[in-house]
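Encoded as structure tokens, the structure appears first; notes follow it.
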4 protein chains.
Amino acid sequence: MVKFNARGLMPPVFTPLNDDYTVNYAAITPYATFLAKNGIKSVLVGGTTGEHMSLSVSERKKLIDKWVEVGKTHGFHIMVQVGGAPLADVLDLAKYCSKAGVDSLLTLPELYFKPQSVSDLVFYVELVAKAAPNLPVLYYHIPSMSKVEVNMPAFVKEASNIISNFKGIKFTSNDLSEAAQVLRVLKDDQEMFLGADSLLAPAALLGIKSAIGTTFNLFPTLAQDILNAVEKADVVQARALQEKLSLAVEAHTPEGPWVPIMKAGMEIVTGIKVGPPALPQLPISEEAKKRIETKLKALKIIN
Amino acid sequence: MVKFNARGLMPPVFTPLNDDYTVNYAAITPYATFLAKNGIKSVLVGGTTGEHMSLSVSERKKLIDKWVEVGKTHGFHIMVQVGGAPLADVLDLAKYCSKAGVDSLLTLPELYFKPQSVSDLVFYVELVAKAAPNLPVLYYHIPSMSKVEVNMPAFVKEASNIISNFKGIKFTSNDLSEAAQVLRVLKDDQEMFLGADSLLAPAALLGIKSAIGTTFNLFPTLAQDILNAVEKADVVQARALQEKLSLAVEAHTPEGPWVPIMKAGMEIVTGIKVGPPALPQLPISEEAKKRIETKLKALKIIN
Amino acid sequence: MVKFNARGLMPPVFTPLNDDYTVNYAAITPYATFLAKNGIKSVLVGGTTGEHMSLSVSERKKLIDKWVEVGKTHGFHIMVQVGGAPLADVLDLAKYCSKAGVDSLLTLPELYFKPQSVSDLVFYVELVAKAAPNLPVLYYHIPSMSKVEVNMPAFVKEASNIISNFKGIKFTSNDLSEAAQVLRVLKDDQEMFLGADSLLAPAALLGIKSAIGTTFNLFPTLAQDILNAVEKADVVQARALQEKLSLAVEAHTPEGPWVPIMKAGMEIVTGIKVGPPALPQLPISEEAKKRIETKLKALKIIN
Amino acid sequence: MVKFNARGLMPPVFTPLNDDYTVNYAAITPYATFLAKNGIKSVLVGGTTGEHMSLSVSERKKLIDKWVEVGKTHGFHIMVQVGGAPLADVLDLAKYCSKAGVDSLLTLPELYFKPQSVSDLVFYVELVAKAAPNLPVLYYHIPSMSKVEVNMPAFVKEASNIISNFKGIKFTSNDLSEAAQVLRVLKDDQEMFLGADSLLAPAALLGIKSAIGTTFNLFPTLAQDILNAVEKADVVQARALQEKLSLAVEAHTPEGPWVPIMKAGMEIVTGIKVGPPALPQLPISEEAKKRIETKLKALKIIN
């Protein structure tokens, strides 16, 4: 019986690149140390933030191996997102993960022959889950990118019935009403990870305590402080801290697409060089970085 | 200088109909008394719940007069939604309201020649605002119905610059991240009314304390209790009460479109007969009403 | 038994406005004469081009009366579009038309409580059809504006079964594949009017010979020449003439929304003053008009 | 200077699979012979019909090699679609094709980090084009699947300016108005291939004479006869033949998604076994195949 025990805040890790777009594997060790020092206990490898949808299978496997190797030294739970590629490759990656020391899988839906119904989507996730039957498998709901708009409460109910190692979802949407409905149908050993950094506090009020958010790379303690404030019923503090995180995000958003601005922000805030985004995405300009830095200083988020 | 002082929970009132689809004006007096007895201080006349988008201008005017007359006896703030009709009629209604004792206006966007930009939408709301320059005017954001998807923080900023009696928005969307951004750009005498009954508690945590929600007709004290719990930082209670309200809503939603199910629910929960929805909407079946009733009893929301 | 015999090219007439936005009823007589002299046999009053979705019911009735009065002198078939307003007003207009000498009705779908299915839409059109049981009633399919995306072949089949005076549709979409499917399910006394001026020739090849297009106001003989070329199997000529009409349209499209550019074009091409669009739409600039004129001269469409 | 000379009807070839989902390479030789005997001069390998978006890079390379090898014996122009995978793999495939004897490339847009503008899309296609600078490169516009909705006339203009080996597009959309606009901006050595089998005749009337359509596998001579009828200005015959092809397609469409129904149809019509669709797509039922067969017989398309 497959167990799934990752809970709480999980940063989706960036894939550090050199300026020539090769993967900077050496950067992963200090990056992981930074996260561990800031209280992080689990990471997602290969999410949107990690841009594995732009990489080859062999690069993805090397990154998985590196994160397993480095992550183990910190006791991290390693979740790997295997989707965002042709199904043959997704299944290959799932099988690889089942033997590579990975702790759990996450999968996007099919991106081309898109599922049109709950049962289409369950069938796809089932194929992935059967390729790694020893691992917990979660579904990555991110309709803004995948353009797959299946109703999540209905999907979770059906997937739980049919797939024995189905253990939850990443819910990347601002619709907390739907998220609350998912929460109600989850079983004990399943979990929903919110992917909406500006809604951590209100989600926590609804009982949603796990999240996967890019900003946990930049502000890992701030995100945790938000959850703690809600836990202690300090509503005023929760609101103030959420406002701080949300404003930090909004300092970035006018400057470009999500991964390019967040990779820039990571270097500005933490000094860790994660390099340019993987092609076909492009880095933001130096002027844009300056504007972000100026705003973050004005918000006293950095010095 | 136009002042706008409505705050808190405002039910959008149903338009009571007889079985022959004529308006049941006589039902308004006891309905208003019921709301007043349950602590309600303001009402929205002519919203989605009131179905004025299905009525003629003359019926709308009579309903406005009736609600002003009856509402005054309870000291209600009367907000009237004037949109959802050809612009000539919207302007006629706005002018009528400016002299009819109405306290504030709300307007949908143009439904046919839809605004494509912030400035298109500001221009429309400005036309309405100029037709009632003595009244506070708010914009009704409900993209699920209007299919107008203008960015609200940008709209509010621009409308506030250009329209002197622009006093806020009704925000009918589950995207609390965008709502929080609106909140940041509102001025002191402006207000945002959330239109998402299943998100009252999380919104309140973010500082959103006003709302216009159909369920305040059915459960006026429950909604207020949710806000009070957040105000008192009783997170556990806020979550439990929100869950109760959300489950009450979900007892209805599988049975049909919003207004038909809510009109049915109003009779089941309060005994007040609001009749069938206005054509072209149709009432739900007796079997569907029974299912709602059974679920509400199981939830101990009704006896 | 209701008969419907309008066929061929039908211009949707502009509503001439004065500069103060009042209706210029006097302009209708010479306008109708211009159309009649150019071979037009039928007109649509109150379509998108006529902007009745922006007008009051009383203005719409006066316009209907005027077009019936003037149109009769030319033997025009008068089709009136009655939708685009609250249902109460739509039904009032339909009843009015049934006694006003109008020859057929066209109706948009409900714009706010939008139909979600074929049966919802059939129910709405049935309500309109019953309000004018002596008139042929057609449905106005224009998903780009109405955001109602019901499958037309399925709708036409079902509406034909249920509504005895249902006589066809206006199909305003560039999807000729769906149009061809509609054509297959139409009965003898039903008709589909294409609303896609740049596709007259290819549609005619598929057997679609009726159309309602704004440009028939500007270029009534050119549009007829296109149909004649296809009828005579002169493919080379059909292509050349269609290209001419399409390029004439594209001379306008960069300058703004459809009705404002077409009202400007009407004056440029024919000299008939139809004035500004009805609010909330705005006229295009003088510079934009100049650019259109320059392009039309370069195309030798005007001198 | 790269030359591109494929014109006319090009079937996108199915990927024959065995019942265990392995590729049936042996089936390609007789399949190519069938196409050649029916007058086909060029094929697209790896399109939607070929389901390469579900296959691994190594399988795709083997399929490319096999089609080059077999296709050469028939003098086929071999176009290969390289997109629908992470960019690293797309570039790898493009480089491979540049040395493998392939004649031209087609590429989907990025499926995950979707282009938001003309320039985003030009940048992506430019990356692919630079990876195979000796080959003509075309863009695969199929918004129904890719959910990338960039304006094609604007894209083609910009791509032609920037990418020296950009040679056209496959236009899989029913909007012949936009297609006609593309046609106007194409240069002499560029081509647009329509991907809308039910619109071959009307497109030909507009001057669109090349197409890539799944049904050219099933009915290669019928499709050619349609083009010939338009060429000879036999409008009546063109309409009748188009109607025949469209009805043949509609015999399939109620039974499932495009590739599963077309793979079934291929076996029913030609007897060539192309097997089940690649996972995650599923074959249609035997009952569905029977219904298709019955309809095709009733249409006298098969005996």
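Sequential numbering from 1, following the chain as shown.
Using N, Cα and C of the backbone, Cβ positions are placed for all residues, glycine too.
Quick look at what TrEMBL lists:
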type	residues	note
BINDING	B:Thr49, B:Ile212	pyruvate binding site
ACT_SITE	B:Tyr140	active site, proton donor/acceptor
ACT_SITE	B:Lys170	active site, schiff-base intermediate with substrate
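Neighbours of B:Ile212 (pyruvate binding site), defined as other CB atoms within 10 A of its CB across all chains, total 29.
Within 10 Å of the Cβ of B:Thr49 (pyruvate binding site) there are 28 other Cβ atoms, across all protein chains.
Residue pair B:Ile212 (pyruvate binding site) / B:Tyr140 (active site, proton donor/acceptor) shows a Cα separation of 11 Å.
For B:Lys170 (active site, schiff-base intermediate with substrate), the number of other Cβ atoms no farther than 10 Å from its own Cβ, over all displayed protein chains, is 27. A straight line from the CA of the residue listed as 'active site, schiff-base intermediate with substrate' to the CA of B:Thr49 (pyruvate binding site) spans 13 Å. Counting only same-chain residues at least 6 apart in sequence, those with a Cβ under 8 Å from the Cβ of the residue listed as 'active site, proton donor/acceptor' are B:Gly47, B:Gln81, B:Gly83, B:Leu106, B:Thr107, B:Leu108, B:Pro109, B:Ser146, B:Ile169, B:Lys170, B:Thr172.
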